[in-house]
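J.: Can you read through this structure? Questions will come right after.
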Amino acid sequence: MDGIAELTGARVEDLAGMDVFQGCPAEGLVSLAASVQPLRAAAGQVLLRQGEPAVSFLLISSGSAEVSHVGDDGVAIIARALPGMIVGEIALLRDSPRSATVTTIEPLTGWTGGRGAFATMVHIPGVGERLLRTARQRLAAFVSPIPVRLADGTQLMLRPVLPGDRERTVHGHIQFSGETLYRRFMSARVPSPALMHYLSEVDYVDHFVWVVTDGSDPVADARFVRDETDPTVAEIAFTVADAYQGRGIGSFLIGALSVAARVDGVERFAARMLSDNVPMRTIMDRYGAVWQREDVGVITTMIDVPGPGELSLGREMVDQINRVARQVIEAVG
């Protein structure tokens, strides 16, 4: 018995260090530790294959793997699974065939479990919600971005936010000036790492974000965050990089956000901003905004989510945005 307890304790310690279990008390991992089995794989080994039935999941302790998804258009999208990550959970959550092929890049160790272990893991406090969020983020990476052509001919892309956008925004070459950040966050201080993490870690249901990119760099984003007391209301916010301001991106994004909101059951948009944020006020005024003063220099408003007929978007663009929004919002039930 002592040997079994010691083995389980070692597994609990290893599991507790993984991202998916961050913040979970060790005692909550005991049942899971008893239901998973050790995994060791050589470089180049296929662990999961796209299209196959889902019967297990993997937790990576060391090493890395390539995650490859081939879309209906035949284009392969490649990602990487690193230590601390879980793979194989999407198909189990959706009760569907595998959505990607996972191949080890180097020798890999970890843990594997079946449906029983997965059920145990989902019921660990906080883990189920984290798995749903992670699954939606991964599925969002498989969505093809929507080409967007601005009035001046600039070609950009629209897509849902992805986890790596925080690093791409912070370390990219696109500049967001102090004035732009002040208007967005209503503070002269640079956004903290914790806030930047929150802004990029979304679930696409209660917190949805569109990102506009130029190449691989995010140049603008628009988000809605659902009200905790009234799920039909969501607060919206926009950020556009300095070099891209005044080119119609904000007007386009409120249209894209409105389409996604209607898919998600949001009926009204709330906005809170600095009173001198004229570009955003102008956009909101087009949809009947009535402003209230909340504090010195801060105003608020509430508008109905604009319908397709009110948006400055073509029918084809609305349909594309609707399809992509539905893909990520309804990705995991």
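Using the three backbone atoms N, Cα and C, a Cβ is placed for every residue, glycine included.
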J.: Quick one: which of Arg40, Arg133, Arg138, Arg149 does Swiss-Prot put in the 3',5'-cyclic AMP site with Gly88, Glu89, Ile90, Ala91, Arg98, Ser99?
T.: Arg138
J.: Spatially, which candidate from the binding-site residues Asp214, Thr239, Gly246, Gly248, Gly250 is nearest to Arg138 (3',5'-cyclic AMP binding site), comparing Cα atoms?
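T.: Of the binding-site residues Asp214, Thr239, Gly246, Gly248, Gly250, Asp214 has its Cα closest to that of Arg138 (3',5'-cyclic AMP binding site).
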J.: From the Cα of Asn277 (substrate binding site) across to the Cα of Ser99 (3',5'-cyclic AMP binding site), what is the distance in angstrom?
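T.: Ser99 (3',5'-cyclic AMP binding site) to Asn277 (substrate binding site), Cα-Cα distance: 43 Å.
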J.: Under a three-state reading of DSSP, tell me whether Arg138 (3',5'-cyclic AMP binding site) is helix, strand or coil.
T.: helix
J.: Roughly how wide, in whole Å, is the group Gly88, Glu89, Ile90, Ala91, Arg98, Ser99, Arg138 that binds 3',5'-cyclic AMP, by largest Cα to Cα distance?
T.: 13
J.: For Asp214 (Mg(2+) binding site), name the DSSP secondary structure in the helix/strand/coil scheme.
T.: strand
